[in-house]
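Look at TrEMBL and you will find 84-126 tagged as domain 'HAMP'. Feature annotation from TrEMBL assigns transmembrane segment to 62-82.
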Amino acid sequence: RQLETSLMAYRTTLQNFKAATGTIVQARKEMTTQGQDIVKISEDMYKLQLDRRDQESAQARTTQIVCTLLAIILGIIAAVIITRQITRPLQETLAVVDRIASGDLTQTLAVTRRDELGVLQQGIQR
């Protein structure tokens, strides 16, 4: 009788072991599948981040080029304006000086500037 009880307990334990082993095998398969899915998702996210980095880098490069071009254009415009503000009154002053040098002392020069060129024009006006 004790042998039968032990044998039944052994069979029950063996069946439980087989069931647990089957559950473990199934769990391992699921974990392997989930691990592979995680690896694939990680690779996809890595590629997405690389693409995003490349896009942001290209956008930053484009912005930098546009800003540089705008700065160059504004610099050229400022240089032209400053040059005109100096050369035109200077040419007018030189024309008056040439006439005075030719003997025409009736020349008048309208002095509106208060900078160095205006001081020069006032000196000629005297």
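The backbone N, Cα and C atoms fix where each Cβ goes, glycine too.
Long-range neighbours of the domain 'HAMP' (84-126) within the same chain, counting only residues 6 or more positions beyond its ends whose Cβ lies under 8 Å from a Cβ of the stretch, are absent. Note: the domain 'HAMP' (84-126) comprises 28 helix, 0 strand, 15 coil (DSSP; helix = H, G, I, strand = E, B).
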